[in-house]
Amino acid sequence: MGIAAIFAGFSVPHLVHKYGRIKASWIGVCIFSAGVLMFVLGPGIGFTLFATFLTGFGTSTIISNIVTILAQHYKSAAALAIPQTNAIGSAGYVMGTLIIGILAGTTISWRWGLLLPLPIALITYFVSRDKNAELHVPHEDGPQRGKLPRHYWIAVFGFFCSISSEFTVTFWSAALLRERVGSTAAISTICIVAVGSGMAVGRWYGGIVLKKLAVDHQLATAIALQLVSFLIFWFSHNLVGSLIALFGVGLGISTQFSLSSVRLITLSDNKPDLAIARSSIAAGLAIGLAPFMLGVLGDHLGISRAYMMVPVLILISLVITLLIPSKIDSLRA
């Protein structure tokens, strides 16, 4: 997934230049769908890894283009529109996890549950596509390129830390819970559902609740909530308390990607496609490196001590958010 996101980060500006953002999004959907089919039907570990790469590449391509489309369409209201769009994705994330968890307890292979997005994508294409859309004409100057400002790259590092903290928690929270309370494999699914449910709720209501705050302050509030909730989870030895804390972590994580993306577009000196594409590279590095590093530390220090890296990552993203303002006043159009 991480490698796929990096490849997408280099490819998206060229796809957008040649086909436009809408068509580039549907290209991502097609690549994702092909990857899912290959993952479910294909034999062997090599085939499975390639299928995973395709699904990751397609997903990153879709996300990059959708974020830019929404940011350009909703302007000052983008910081509300993007999280609410992601809330729908979180709902699918939770439902998909539950379906696969249920199938895993039956004689039916859990892999068949992965095919659910395919009919949804097909229906969406025929129902929502704009048949009267203007023909895209590639810009004569080529894809967006050139240097991005220094403050953009500092903000990208904060974004990298944010994504790193998200994936270390989602990948390893079940391991910590098993160590602390002796939970079963079924509880591992509940961990993911707790975080995903928090993300879904936060993405839908977060922007509404915090709409009077500037975007930077909204992001700082979300990061602070993630930090407090994570510390409660880290020190908890109670199953119910841990799951509630994970829900709080999900709430904190929920709007960070969207608000960070809006900030990065604003800090990019009018290069939105390039800005989001480069942030995809940062996300790919975070997805690939952070859980791996936590696993390595866990082997040497134990999972509980290894988790010390998470609050450090959260604090770095919080400090950068406060030090590099985007000058976006609020979510109101």
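Quick reminder: no glycine exception, Cβ is built from N, Cα and C everywhere.
Straight from TrEMBL, the features:
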DOMAIN    1-329  domain 'Major facilitator superfamily (MFS) profile'
TRANSMEM  24-41  transmembrane segment
TRANSMEM  47-71  transmembrane segment
TRANSMEM  78-104  transmembrane segment
TRANSMEM  110-127  transmembrane segment
TRANSMEM  152-173  transmembrane segment
TRANSMEM  185-206  transmembrane segment
TRANSMEM  218-237  transmembrane segment
TRANSMEM  243-262  transmembrane segment
TRANSMEM  274-294  transmembrane segment
TRANSMEM  306-324  transmembrane segment
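Here the transmembrane segment (47-71) touches the transmembrane segment (274-294). Their Cβ atoms form 3 or more pairs under 8 Å, with each pair 6 or more residues apart. With pairs at least 6 apart in sequence, the transmembrane segment (24-41) and the transmembrane segment (110-127) have 3 or more Cβ pairs within the 8 Å limit; the two touch. The stretch in 152-173, 243-262, 274-294, 306-324 that contributes the largest number of Cβ pairs under 8 Å to the transmembrane segment (78-104) is 243-262. Highest Cβ pair count under 8 Å relative to the transmembrane segment (243-262), across stretches 152-173, 218-237, 306-324: 218-237. Looking at the domain 'Major facilitator superfamily (MFS) profile' (1-329) alone, the prediction's average pLDDT is 88.
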